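The following features are taken from Swiss-Prot:
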type     : residues       : note
TRANSMEM : 25-45          : transmembrane segment
REGION   : 78-268         : region 'Protease-like'
BINDING  : His148, His263 : divalent metal cation binding site
TRANSMEM : 340-360        : transmembrane segment
REGION   : 365-632        : region 'TSUP-like'
TRANSMEM : 412-432        : transmembrane segment
TRANSMEM : 434-454        : transmembrane segment
TRANSMEM : 513-533        : transmembrane segment
TRANSMEM : 550-570        : transmembrane segment
TRANSMEM : 582-602        : transmembrane segment
TRANSMEM : 612-632        : transmembrane segment
Amino acid sequence: MIEIGETMGDQPTNKIVFCERSWKAPVSILAFLILVTFAWGAYLLDNYDEDDYFRGSDDMSVGQFLVRNVAMPDVQRLYYTVPPAVVGVGGGGVNAGPVASGAIVGANGYVITTLHSVANVPDITVQVATSAGIRRFPAQVVKTIPGHNLALLKLQTTEKFLHFRMANIQTVVPGQQVFAFGRNMAGAPLVRQGMVQSSDAPLAVGTTQITHLLRSDAVYSWEQTGGPLVNAQGDLVGINIAATGPTGKVEGFTVPAQVIVSHLQDVVRFKTGGAAGVAPPAAQTVAMGSSSWWSKAKAVVGGPTAVPGMGMNVVQGTVTTGIPSGMPFVDTDHVGGAKIGGYSIADILGLGMLALAAGVTGGMMTMGGGVLQVAGMMVFFGYGMYLIRPVVFLTNVVVYGAAALRNDKAQLVQWDKVKPLIPWGVAGVVIGYFIGNAIGDSVVGVLLGLFALIMAGKAVLEILQPNAGEDTAEAIAAAEAGDEMDELMALAEGTTRPKTSGIALPEGPTRSAVLGLPMGLFSGILGISGGVIEVPLQRYIGRISLQNAIANSSVLVFWASVAGSVVAFIHGGSTGLIHWEAPVTLALVMIPGAYVGGILGARLMRVLPVRVLKGIYAATMAAIAIKMLTTV
C-alpha cells in the first residue's frame, strides 16, 4: 500500500532549462507587444469620444469655423458643423427629453429659443453636443420678448461654446437657400433644406399677434421649433416656429435675425455676418451618406404632421409674396436708428421713465419704489431676476447711499440703533438671494404680486379711515395713536414724533434680528430695496419717529444692497449666469432717473394732499398686483 505523500522509485532528472531555450526572445517580444496593446487600448478608451474636428472652436462662430480652412464651405461641411451650436431645451428631469430646440448665439453660453416652449418649465436644462458627447447644463431665463415669442437663456457655466453669428439682413432674399435645424426627442440633430418664401407673415400665439416673420418650407417638424434657420455661410437667419396649419400639417415661420438683435443686443454682443457669398449648387445637398445622423434625419417632402399639443395654430392671414425675387427684405422697425451701448433710444427712455416712476413712488410714500422697478423690468422689458437683482442692488447703492449721507448730515440717523442691525440685514439679503434663485422667477413674480396686493389693500384701508388726511392739529396728534396717513402728512411738515405704541422687545440679538433680518430677506428674494419692510419695523418695534425710521432704513438698505451687489456679481460671474457689462449698463441707465424721481417724489409729498398720495400709491400697487398675478 502506498501512503499519500510518498514517492515511488527514483524520479528522472529534469534536464530542460527554460532560460536556455531559443524561444526566450520571441516570448519576451510577444509579452512586450501585449503590454503595448493594452496601453494603446487604455488610451483609446480614455479618448475615444473626443472629436478633433471641433478642437479650437471655442469662442468661434459657426461661420468663422466653416471658413477656417476653406474659402467657401460646401453644404456637407455645413451639415456637420452646425449641430454643435444647436441645442435641445427641456426640463430638469433625469429622463426628460427636449420640448424645443435652441440656438447658441454667444460664446459665453447664451441660447435663444421660443418663449412658449419654456414658459411653464420650472427647471430648464439645455442639452449641448460637445466633443465629449451630449452634456446637460442648467439654464436660466435672462430676458423674454413675448411680442416675438422669444426667450434668451443663459447656461450656468463659464465654458465657451461654438455659436452662431447673425445673418446680415441685406443677404436675406426671397428664394434664398436656407437650412432649418433642430433636435429630436432623442437629442439627435435633424435638418431640412428649403428656401425663404416670404416676409411679414402673421402668426397668432395665444392672444399675441406676431409680425415681421419669414416663411420657409425648411421647417417641417415641431422639433425644429426654437432651432436655427441658417444660410449657406452658417449664419443665423432666424429662430424657427413650427405651427400647425388648418390641414394639420406643419407650416414654418422664422423670427428673423434683425428682430433678435434689436431686442436682445442689450444683453448679448452679437456677431454679424458679412456679405453673402456664392451659394453652393443644389446638387451638393443630397450627398450625406458618410454622416449617419444625416441619414436618420433626412426629411420627407411634405413632412409629418405636428405632434398633438406641441405645435401652434396658425391664424390665416395675407402672406406677403409680392417682393421681387432677389430683392432683400426691408425692416425699418428693427434695423437702423441710434444705439447707445446696445440700447435703442426708445429703450433708454423707457428704462429711464421706469426708474423715474419708481423714484417718484418711493419719494412720495417713502416705500414701494423698488416693487415698481422690479415689476416693470419683468413685465415691460422681459428681464429675468438674475439680471434684475444686480441692477436693483447697484441702483440702491447709489440712491440710498446718497439718502443716507443726507440723513446723517441732518442728524436723523440713530447710529446706536442702526449698527447692531447691519449684520442681520446683510445676512438676510445673502440668504434671500439664494432663496430667490432657488424658487425661480415664476414664484418670485407671484410673491411680488401678492406683496403689492397687500400694500394696495393697506393703502385703501388707510384712505377709508375717518378724518383721514385732514390738515388739523388732531391729525398730528393721531400720529401717536398709529394713524399712518396722518404720520405721512406730519412727515411732510417736519413735525413727526416718536411712536408711543407698538411691540416692545428688549435690547439684544433677538431684537436686532427682528429689525434687520426681514428687510434683507425680502430684498434678496424679491429684489426690492426693503424699505417698505424696514420702515414699519422701525416704527412699531423700534418705536421711533417716522423721520428717524426712514433715515435708519436708508442706511440698512445701503449696506444690504452693497452686500447684494457683491454676492450677485460673484455668484453670477462664477456660475456663468451674468457678465458684468449688462447689469452695470442697465444700472447706469436707471440710476439718474431713480435719483431725480426720489427728489421729485419728496417734493410732491409736501404739495399733494395725503389722500391723493395714498390713492396714487394704492392704484400703482394694485396695477402691479393684477399684472404680476395674471401673467404668471
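Just so you know, glycine gets a Cβ as well, placed from its N, Cα and C.
Here the transmembrane segment (412-432) has long-range neighbours at 404, 512-513, 515-526, 530, 542, 544, 547-548, 550-552, 554-557, 559-561, 563-564, 567, meaning same-chain residues at least 6 beyond its ends whose C-beta is under 8 angstroms from one of its own. For the region 'Protease-like' (78-268), the mean pLDDT of the prediction comes to 85.
In three-state terms derived from DSSP, His148 (divalent metal cation binding site) belongs to a helical segment.
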